[in-house]
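Undergrad: What follows is a structure written as structure tokens; I'll ask about it next.
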Amino acid sequence: MEEKKRLHLIIADAELETVPPEILDHPAIVNYAKRRKKRPEKIILDSTYHHAALRQLEDGERRGRPDIVHICLLNALDSILNKEDRLRVYVHTRNDYVIYIKPETRLPRNYNRFIGLMENLFEKGAVPEDLELLRMEKKTLNELIEEINPDVVFIMHEEGELMIPKNFGKLLDKFKKPTVIVGGFPHGDFKSKVDGVKISLYREPLMAWTIVNEVIVSYEWEVIKKFKS
């Protein structure tokens, strides 16, 4: 049976991590962990609550942004493309962990519940453990791409070739297994080095979730219409 044509979307170098060892004893971390009745090393780093501690970290100004992953995943998983089983979404983190997400996964809309879910995932490796709707493995971005085995890789980058979303959708549609990489960080460049075609959808920088939306919708128009006509 011929494999379905799907878009593979990777949220890469995502600023999603548990609190690193070098700031475990920082008052901002200790107090937050105490309020939540958790051990400091088990909590997700979050700039909203831990900004004072982040000043002590390398790249601290861009770290602790699980909200970016949350919004990107909510938008992607609730898309028409995903409902039509034409999308696969992955999260690759700054520390080279990959989160595999089953298409039927329904993430919590509430941010605090999402954080709790991520903390369970980092601790257990899969949630829920019996269904593994979310599963985590130690893996680099390049290893994930090799596993997907795409026929093309596009990297969404502000210095890439400028292309309107509609035309990018048409370009994606030319391939059987296109893979698109979107940065899961607030600013700066990718930490991981990956070969691919750099594309920009607008003359100014866009937030990751906006890019995710534009990419998915541009591809939806090209793919879905063929199966609805």
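Note that Cβ sites are derived from N, Cα and C of the backbone, with glycine treated the same way.
The S-adenosyl-L-methionine binding site annotation in Swiss-Prot covers Gly183, Gly188, Leu201, Tyr202, Arg203, Glu204, Pro205, Leu206. The site 'Interaction with substrate rRNA' feature in Swiss-Prot is assigned to Arg65, Arg106, Arg109, Arg113; the stated evidence is sequence analysis. Annotation source Swiss-Prot lists site 'Stabilizes Arg-65' at Asp67, citing sequence analysis.
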Undergrad: Determine the minimum-neighbour residue: among Leu201, Leu206, listed as binding-site residues, which Cβ has the fewest other Cβ atoms within 10 angstroms?
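TA: Each of the binding-site residues Leu201, Leu206 was scored; lowest Cβ tally within 10 Å is Leu206.
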Undergrad: Given the recorded positions Arg113, Arg203, and counting only Cβ atoms in the protein chains shown, which has the most within 10 Å of its Cβ?
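TA: Within the set of recorded positions, the most crowded position is Arg113.
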Undergrad: Near Gly183 (S-adenosyl-L-methionine binding site), which residues of its chain come within a Cβ-Cβ distance under 8 Å, counting only those 6 or more away in sequence?
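TA: Counting only residues 6 or more apart in sequence, the Cβ neighbours of Gly183 (S-adenosyl-L-methionine binding site) under 8 Å are Ile11, Ala12, Asp13, Met156, His157, Asp189, Phe190, Ala208.
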Undergrad: Among Arg65, Arg106, Arg109, Arg113, these being the recorded sites, pick the one whose CA is nearest to that of Glu204 (S-adenosyl-L-methionine binding site).
TA: Arg65
Undergrad: According to DSSP, which kind of secondary structure is Asp67 (site 'Stabilizes Arg-65') found in, if we only use helix, strand and coil?
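TA: In the DSSP reduction, Asp67 (site 'Stabilizes Arg-65') maps to helix.
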Undergrad: Which one is it: of the recorded sites Arg65, Arg109, which Cβ has the fewest other Cβ atoms within 10 Å in this structure?
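TA: Taking Arg65, Arg109 as the recorded sites, the minimal 10 Å Cβ count falls on Arg109.
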Undergrad: Provide, as an integer number of angstrom, the distance between the C-alpha atoms of Arg113 (site 'Interaction with substrate rRNA') and Gly188 (S-adenosyl-L-methionine binding site).
TA: 28
Undergrad: Do you know offhand how many angstrom separate Gly188 (S-adenosyl-L-methionine binding site) and Arg109 (site 'Interaction with substrate rRNA') by C-alpha?
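TA: The Cα atom of Gly188 (S-adenosyl-L-methionine binding site) is 27 Å away from the Cα atom of Arg109 (site 'Interaction with substrate rRNA').
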